[in-house]
Structure formats: C-alpha cells, structure tokens
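The structure appears below as structure tokens.
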Amino acid sequence: MQHTASDERVETILGRRSTNIGNLRHDPIRSMITSMFWLDGAYWLPYLIGFTVFVAVAERWLGRWRLVAVGFGGHVVATLVSQFVLYEAIAARQADPALRSAVDVGVSYVMAALIGVLAYRTAGRWRVAYIAVCLVAFGTPLVVDGTFTDVGHATALLFGFAMYPLTRTLPRVRRARDWFARAASHPPIVRHRNS
C-alpha cells in the first residue's frame, strides 16, 4: 500500500500509527501494535534479509510464543526508552520540539531484540564474537549519531541479551559445522494444499 499511495497519504498513515510522543500519550496500545506493521521508507530489502537471517532462525529455535515475547517485549521497551530519552531531550531544549510527532514505525526494534536473544543460540567463542559484532553494529550509530531510534535499537538489542532465561532449556549450537549439519538433517517442512 505504501508504494501505491501518494507521499502525503503515506505520511498521514504513518503519522497516525507512529509510536511518537503524541500518539503514545493519546493511544499507546494502538500505536505500539500498529506501528510494527509499517515500513518507514522505500527500502524493504534489508527487512527481507533480516527476516530470513534472524527472525526465521529465531522462530525455529524459540518457537512462536517465545518469539512473540522477545520481539514484542523488545519493541515496547525500546519504544518507551527511546521516547523517554527524546522527551527529556526536548524538555532540556537539546532536541527540536517538532520531534514529538516524528514518524517512528517499523519492525526494527523487534528484529534488534531477536538479534540479541540469538546470542544464546551459539556457545563459547562464537557467542563472544557474535555479541561483539552486535555491540559494534548497534553501538556505533548510537555513539556517532545518537538519534532516538539509535537509542531504541541499542535498547532492543540489550533487551534481547537480557532474555537468556527464556533460552535456558533450548538447544545450543556448539560449532558452525554442527549448525550446518543440523540444518541439513532437518529441512524445512513445506505443506502444499491440493485444490
């Protein structure tokens, strides 16, 4: 729909579904839920890659309910933290008051939380390397730009790291070759309906 509507219409739709300060004050539950189902921008390919590499792996490993708990929990916590930081920056006159109605939509906080929890999918040195790469990837924009969305992404990642208790009973991958062997021995199940 975003590609077929006019720019003004898209801006109106996204503005109403955004998790900005104004919408969170008036209708927080609706804005928290509806904001996840829109993309802010014309680029959907990074989301496709993110879903394939991270979300699909997380769903297969965590299961549906743990995935929802981590993803939605990360989205809510990251939104609240990032908007609180923005609110305080506006109050201290360090940010433009117009940002109260900034468009903040998308599933990126969900993906950041799932990327974080996937650290516990591996063990040993692989886990340390994975966490280090995540901290650099999410910490660099936070240090360089420091926008409220950078705060949200870093918060969601840390939320994912904090979800270790949900993963304690799940299997780990000890070595990369074990992961590939397991993936090859458990091909995805595809069901077809005959018409």
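Using N, Cα and C of the backbone, Cβ positions are placed for all residues, glycine too.
Copied over from TrEMBL:
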- 41-58: transmembrane segment (TRANSMEM)
- 65-86: transmembrane segment (TRANSMEM)
- 98-120: transmembrane segment (TRANSMEM)
- 127-144: transmembrane segment (TRANSMEM)
- 150-167: transmembrane segment (TRANSMEM)
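Comparing 41-58, 65-86, 98-120, 127-144 for CB pairs under 8 angstroms to the transmembrane segment (150-167), the maximum falls on 98-120.
Within the chain, the transmembrane segment (98-120) has long-range Cβ neighbours (under 8 A, six or more residues past its boundaries) at 11, 14-15, 17-22, 35-40, 47, 50-51, 54-55, 57-58, 61-62, 67, 70-75, 78-79, 82-83, 86-87, 90, 127, 130-131, 134, 138, 148-149, 152-164, 166-167, 170, 172.
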